[in-house]
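Step one of this worksheet: look at the structure below.
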Amino acid sequence: MKLLVNDDPTTLSYWLNWRVFLCAVLVLTPMVVAAFLIGKYEHSGNSESDAGGNQQESSHIRSEKSWKPCLKEVHPIFLMCFRIIAFGLLLAAVSFDLALHGAELFYYYTQWTFTLVTIYFGLGSLLSIRGCFYSPKIDSNSKCYLAEDTEQGLHVPLAHGVNGNGMRFREKLDNRGTLHALITSDLWDDLYQVLFQMTAGAVTLTDIVYWVVIFPFMALKDYEMSFLTVVTHSLNAILLLGDTAVCSLEFPWFRISYFILLTGIYVIFQWIVHACISIWWPYPFLDLSVDLAPVWYLVVALMHVPCYAIFLMFVKVKHWLLSRWFPHSYQFSP
């Protein structure tokens, strides 16, 4: 959906008015608050408890949530296969859409979220493969991520340099090497969880806006919906809900901040592009020349809360149902 610009956004007069000022406040203020919440709550509960040996145990637990299903009866390989298939489907859809429409697809917020969900399942597939086949165990004496072989010595996982044949090294990793491995592992696991919370809110927002707001107007004008359009606004949500129903990832409230930052970065990206090039707006409510632009920006900003809450409610309902249906098998706390 393309909307021609009412005024030329490359001129200075387009930006020097009260509408732009109010919209800038509505975009930048939530981003500042989001950055503050991330700095305050991200890993705040781990600073003391993760000292010394507990740091490696806590790291191990956080890592397991990236690839272990929430039910003990569900084998991690099932979740791994689901993620690999989901990644393949999403990657095929993105590639086909990109081949048909070109790079201008990335003017749309929907394509940003669809691509992020694709990356989410790609990274999730790698973490599941690592967890299923190369997951290290914590040695009770050394508290290191090494799988102990009582007869052969220590077996070092691939992350620590083992070759394809499973070469065994008798020497232990020094503290520096172990710490580096832990940091590297934590980085990918944390990134994966951030992608989960970010895309969950973004997918909910894009699909609700499209099917509830945009689609009815297109239907009135006899707009012919392509198969790719339906896929772009449904497949990612379906696959993400399926992964959420099985996985053990957390969904804390404060991580709505990443969702807010994603939207803010997208809006600023659109402003920069339109300040340099006079092109169409991907969404009508982004046009700053409209008198009601601040109202539209406020509405979209407020929609972030219910969109994130909808997905959070899904996680809560999942926890409530599975903890009662499978009390001895359920291993997840939201």
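Keep in mind that glycine also has a Cβ here, set from the backbone N, Cα and C atoms.
No curator has checked TrEMBL annotations; they are predicted automatically.
Through the fold, the transmembrane segment (16-38) approaches residues 254, 256-258, 260-261, 264, 267-268, 288-291, 293-294, 297-298, 301, 304 of its own chain, all at least 6 residues removed from its boundaries and within a Cβ separation under 8 Å. What TrEMBL records for 16-38 (among others) is transmembrane segment.
Residues 67-69, 111, 114-115, 117-118, 121-122, 124-125, 128-129, 131-132, 228, 231-232, 235-236, 239, 242-243, 246-247 of the same chain lie 6+ residues outside the transmembrane segment (77-100) yet bring a C-beta within less than 8 angstroms of a C-beta in it. If you look up TrEMBL, you'll see 77-100 (among others) marked as transmembrane segment.
As annotated by TrEMBL, transmembrane segment applies to 106-127 (among others).
TrEMBL lists 194-219 (among others) with the feature transmembrane segment.
The transmembrane segment annotation in TrEMBL covers 225-246 (among others). Outside the transmembrane segment (225-246), and at least 6 residues removed from its termini, the chain residues within Cβ reach (under 8 Å) are 69-71, 74, 78-79, 82-83, 86, 89-90, 93, 96-97, 100, 110-111, 113-114, 117-118, 120-121, 124, 196, 199-200, 203-204, 206-207, 210-211, 215, 218, 311, 314-315, 318.
What TrEMBL lists as transmembrane segment is 258-283 (among others).
Long-range contacts of the transmembrane segment (295-315) within its own chain (CB-CB distance under 8 A, at least 6 residues past either end) are made by residues 22-23, 26-27, 30, 200-201, 204-205, 208-209, 241, 244, 251, 253, 256, 259-260, 263, 285, 334. Under the heading transmembrane segment, TrEMBL lists 295-315 (among others).
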